[in-house]
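Peer 1: Below you'll find the structure I mean.
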Amino acid sequence: MAEPDRKLRITMDFVTNTDGETLTQKRERFERLAMPAVDALYRQAMKLTNNPDDAQDLVQDTFEKGFKAFESFKPGTNFEAWMTTIERNAFFNQYAKAKRRPQRANDSSGEYDDWDIYSASGHSSDGLKSAEEEYLDAFAPEEIMAALAKLSPERRQVFIDAAIDGKSYNQVAEEQGVKIGTVMSRLNRARTQLKHELATYARERGYLAGASARKALPPAKNAGKPQIDNDNTKE
């Protein structure tokens, strides 16, 4: 939920015209689906930005982008998941353009020692980090952000959903409207690209020889099995 002492204010002032239905009808249809997702979007925005003002701006931006792309939403599918995907992509696109770290909330020291985008996924039920998180811990947050920002939106989203959030291939495929083979292909390609990008940062920082930095990203769940290259998205 949003912070008790902070009232989230999301407006629909960006609605200007509609196609095939009245403005009021389309706005009401969007609001019925979007408003129940506000708290989830704000929680994710706080994990991404660690700043209440930036988080609200990101949620507002997500509403605007979601409304503009509303016709592409498939009725009957998970609207909240659709909106969180838009929000994540909006954040990464903003980061890629700004080429700077997000600001931490209430951080007067200016330090970024423990900011971590992967706090969004937390730990497993037994309190242990995933192999993916253990590997990424070897790198500074801004290095991880910069590497992720270089992935295509499709590969980045699959990596976050499957490798970080721990969603099954079936769930990711259903949420993104693609085949399981496409999910597997994008995930493997994302891992390969991330390994390359992070290795560059490791060399620059002089710790490539360290044990953590030497590790490759953990293999996909079906590593060793024949992979169908269905990553047919133009990237």
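One is the number of the first residue shown, and numbering goes on along the chain from there.
Glycine too: its Cβ is placed from the backbone N, Cα and C atoms.
Look at TrEMBL and you will find 39-101 tagged as domain 'RNA polymerase sigma-70 region 2'. The domain 'RNA polymerase sigma factor 70 region 4 type 2' feature in TrEMBL is assigned to 142-194. Annotation source TrEMBL lists region 'Disordered' at 212-235.
Show me how these features fit into the shown structure, please.
Peer 2: For the domain 'RNA polymerase sigma-70 region 2' (39-101), DSSP puts the residue distribution at 51 helix, 0 strand, 12 coil.
Shown for the domain 'RNA polymerase sigma factor 70 region 4 type 2' (142-194): DSSP residue counts in helix, strand and coil, namely 43 helix, 0 strand, 10 coil.
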